[in-house]
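Record features, source Swiss-Prot:
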DISULFID  21-47  disulfide bond
DISULFID  22-54  disulfide bond
DISULFID  34-55  disulfide bond
DOMAIN    21-55  domain 'Anaphylatoxin-like'
REGION    15-44  region 'Involved in C5AR1 binding'
């Protein structure tokens, strides 16, 4: 489900290197926020925008998935 959302977002960008920025943003990193990670990008504003967008989508998806109700069979 997350992979599909990220692929849909990456499809909005024409350049392969901008798509890569998006995919890089989707990688999990619990130690830093999306903003902190994006601050290290030196390629350009288009890459930063794609990175932040995909990072936000992935972070939101993971937060929503984390809070799903789980029943254990005992």
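Heads up, the Cβ atoms here are built off N, Cα and C, so glycines get one too.
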Mapped DSSP class for residue 21 (disulfide bond), helix or strand or coil: helix
Mean of the pLDDT scores, which run from 0 to 100, over the domain 'Anaphylatoxin-like' (21-55): 95
Length of the line joining the Cα atoms of residue 47 (disulfide bond) and residue 55 (disulfide bond), in Å: 12
Euclidean distance between Cα atoms of residue 22 (disulfide bond) and residue 55 (disulfide bond), Å: 7
Local backbone state of residue 47 (disulfide bond), from DSSP in three classes: helix
